[in-house]
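For A:D93, A:H294, the entry in TrEMBL reads active site. Feature annotation from TrEMBL assigns active site, nucleophile to A:C96. Here TrEMBL flags A:85-301 as domain 'OTU'. The feature site 'Interacts with free ubiquitin' is assigned by TrEMBL to A:Y248, A:D250, A:Y290, A:Y295.
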Amino acid sequence: MQNQDGHVVESGTETITSIKASEIDDWENFRDDDILQQQSAIQAEEAGKIPFVGDKEPLSSLAAEYKSGNAILVEKINVLTEQYAAIRRTRGDGNCFFRSFMFAYLEHILQTQDRAEVDRITANVEQCRKTLLSLGYAEFTFEDFFGLFLEQLESVLSGTEASISHDELVQRSRDQSISDYVVMFFRFITSGEIRKRSEFFEPFVQGLTNTSVEQFCKSSVEPMGEESDHVHITALSDALGVPIRIVYLDRSCDDKGSVSVNHHDFTPAHVTNASSGATQATKPFINLLYRPGHYDILYPK
Amino acid sequence: MTSPSASSRKALSKIACNRLQKELVEWQVNPPAGFKHKVTDNLQRWVIEVNGAPGTLYAGEIYQLQVDFPEHYPMEAPQVIFVPPAPLHPHIYSNGHICLDILYDSWSPAMTVSSICISILSMLSSSTVKQRPADNDRYVKNCKNGRSPKETRWWFHDDKV
């Protein structure tokens, strides 16, 4: 909170934050609506600082963030700079993994105009639709979300009436009425894949929350704002057949104290090369930077 | 509650309107057991009759649920309350507000009015005692200004009543 300088916060927030700590001995003095108002003021402030999807920034902006910070992190960012050129930040609202994936994927299609990939993912999306129906989801609960994603996919291909520019893609990613719907589309896809292969996912889910797969999907996948873990990433990557690289920026280092940046590639169970029909390990074109609790988009050199 | 909540005051968006019409058709074809939608021309407020399930503490009792849909349904949760007199239940306040996570933090667009109804009936059916929440009087007093349960920061009780 930047209430010290008093410019950013709403008036409702100030009344709470200006009370001396010694006076806060009875929390019942704070009415829920005051607190909720404060929470939404904080959210609005967060939104002002960073849109759903930010601008592309050189990786040096990440280095600047840690200039006087932890030595391991500084060293890791140096290593990262050898392979990556830029970062695009996303808002930390619990949807950052899905939002990052959305933008990185659509931007990739916009830039490569890879129609074979669009045909491939469209077939996978159709498969996911059947999965949800077979799991008992009513079609009306998900069809609007599917429709909106397919519309975005269509619009990043040039030569159609609906074609959009890169600027327009950025605008749409920041427009809640589109961006949130696409995030929710990915949540449906992820939940469907986890439920369909519940035996496979069960041990991982248990490792995270000690609940059933069903309950996990209901409380940690389908509601907006629920953060993503390796279970979500594996499921989304498998369901859509899109490999994802996650680069980890944390304080870990090996015994000898030498620093390297770890990454993990999520490779879909069945990636087939559309032209040759052969199964092959595709190099991920989605690169995300993970810092504990948050994902941003990375751009390789 | 006669005054609509802040979130439902705005007209439904086009996408919300579409979705609700589809939900209504689905409800008419396949209504959840124990519930009856009372037909009105108001798509934004549904009034639903609830029959306590046989063999439970609420068997034979009839209550009314009022469901108000916000502009951005289903991205935002509907507001669901019992029209007083509300059932005597440890998670239901005498003003009709219901303490149930899926109506607030755990809402997802994957849910429907029908799935909410089923959750509420299951909450009623699993109750072993007919009583109000311990903080009923204080909570209801705080709501006197007609505020919506969606403006409450809920602390969810145990699943088992």
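Glycine residues also receive a Cβ, built from the backbone N, Cα and C atoms like all the rest.
The two recorded residues A:C96 (active site, nucleophile) and A:Y248 (site 'Interacts with free ubiquitin') have their Cα atoms spaced 15 Å from each other. Note on the domain 'OTU' (A:85-301): its mean pLDDT in the predicted model is 92. Look at the recorded positions A:D93, A:D250 and count other Cβ atoms within 10 Å of each Cβ; A:D250 has the fewest.
Within the same chain, the residues at least 6 positions away from A:Y295 (site 'Interacts with free ubiquitin') whose Cβ sits under 8 Å from its Cβ are A:T90, A:C96, A:F97, A:S100, A:S228, A:I246, A:L288, A:L289, listed in sequence order.
The C-beta environment of A:Y290 (site 'Interacts with free ubiquitin'), restricted to residues of the same chain at least 6 apart in sequence and closer than 8 Å, consists of A:I246, A:V247, A:Y248, A:L249. Other Cβ atoms within 10 Å of the Cβ of A:H294 (active site), summed over all protein chains shown, number 18. The DSSP secondary structure for A:C96 (active site, nucleophile) is helix. A:Y248 (site 'Interacts with free ubiquitin') falls within a strand when secondary structure is assigned with DSSP. Residue with the densest Cβ environment among the recorded positions A:C96, A:Y248: A:C96, by other Cβ atoms within 10 Å.
Between the alpha carbons (Cα) of A:H294 (active site) and A:D93 (active site) lies a span of roughly 9 Å. Between the C-alpha atoms of A:D93 (active site) and A:D250 (site 'Interacts with free ubiquitin'), the distance comes to 20 Å.
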